[in-house]
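According to TrEMBL, the features are:
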type     : residues               : note
BINDING  : A:C188, A:C192, A:H279 : Cu cation binding site
DISULFID : A:C188-A:C192          : disulfide bond
Amino acid sequence: MLRTSGFTHFTKYCGYSSIRVFPQCKRLGLLMNSGRLSGSPNNYLSVAFSKSVFQSCSEAKSYVFSLPYNSGARHSVFNTVKHLGKNSYSFQSKRPYSQGSSKSTSTPLIKLRTRLIVTCLFGVGILGTWYYVHSEKEKKLQLQRIEQLKKVAIGQGDFNLVDHTGKPRTKKDFFGHWVMMYFGFTHCPDICPDELVKISNVVSILDEDKTLPPVQPIFISVDPERDDVEAMAKYVKDFHPRLLGLTGTPEQVKEAGKAYRVYYSTGPKDEDNDYIVDHTIIIYLLNPDGLFLDYYNRSKTEENIAESIRKHMKNYVKLFT
Amino acid sequence: MTAPNASERRVCWAARDELWRCLDENKDDMSRCQKLQREFESSCPAQWVKYFSKRRDYLKYKEKIQTEGFEPLDSSAKS
């Protein structure tokens, strides 16, 4: 009859004092070496064996079952493995053998790792999908904005002006280039110089990034009466070397101003015929298709503007081949 | 007359800044800053002098409104 004790034994009734060793089971031999026998012949044999002997409880189970026993019913009772000491385990008998296998610590470890890997892959998959959807949405929004700006139809018309070297220029001459456009006049006290310095600095900032195409800054005069080619040449010298000055006849300037919805109005003339021209203070951004994309007012800093232009360049979608 | 070039602009702006600093220190007492006023007028085109004077008036007025508040006109404060 089988009795279990409170502590960690696997007990087996044995009516003999020794255990027969199966010759083919070297491990069982090991078992015997590392096992401790205790108890008197009429009592119970408790066996403890080291972990290195068996890889799992089910393996240990089958070996213990192969141990010879006297008579009586086979009993099967491993439910838990209790840790006796360093690398020793024994089986605690609790109830009749059932199909449930006791868990050793090694199997959950592998399962945990697989679980972690699967979760991480899943997470990466979700993030990737989200990112893709997000960038597609942004692109769509950007295209929508372009459509809206097209409807506003700023800068749709052409312009016919002359640059500060005397060469005639139209809008087509700038296709393929990003353009920063500013309307002003050379007799401007402070605002135009400030804005042109800002534009020059933005161009320099963007020039530093070799992966970006070069930006073409353009200065168009709203004071054609005084700003002839010579005056423009003299003026643009003080700013970025690529700054191009454009002027023309009053009619040509008026056309250009209308196309870009630029307000300008000549102020009252004083004794020496000097006057100030009131005008909108805006920097226009045109893309390589000549399309008006964005504008920047006096409150935008150089960094703001450079960042905005960089974004536009990245999202640029060629509309016309 | 041709427009001032960059260095002429800078001279004008420096004179203007000196004048405005003097006026700030003397609580807009023009009599104390006559010398700077004359310098300013000689460094800048006449139009610019007018423009900058108007600008200073505007900036002072803006400051006043921001700090002291303002009274709406009687005609508009009906209800």
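Please read every residue number as a count from 1 along the shown chain.
Each residue, glycine too, has its Cβ placed from N, Cα and C.
Locations of recorded TrEMBL features on the structure.
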residue : record                 : Cβ within 10 Å
A:C188  : Cu cation binding site : 25
A:C192  : Cu cation binding site : 23
A:H279  : Cu cation binding site : 20
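For the Cu cation site, the Cβ centre of A:C188, A:C192, A:H279 serves as reference, and the other residues of the chain with Cβ at most 8 Å from it are A:F183, A:G184, A:F185, A:I191, A:E195, A:V222, A:V277, A:I281.
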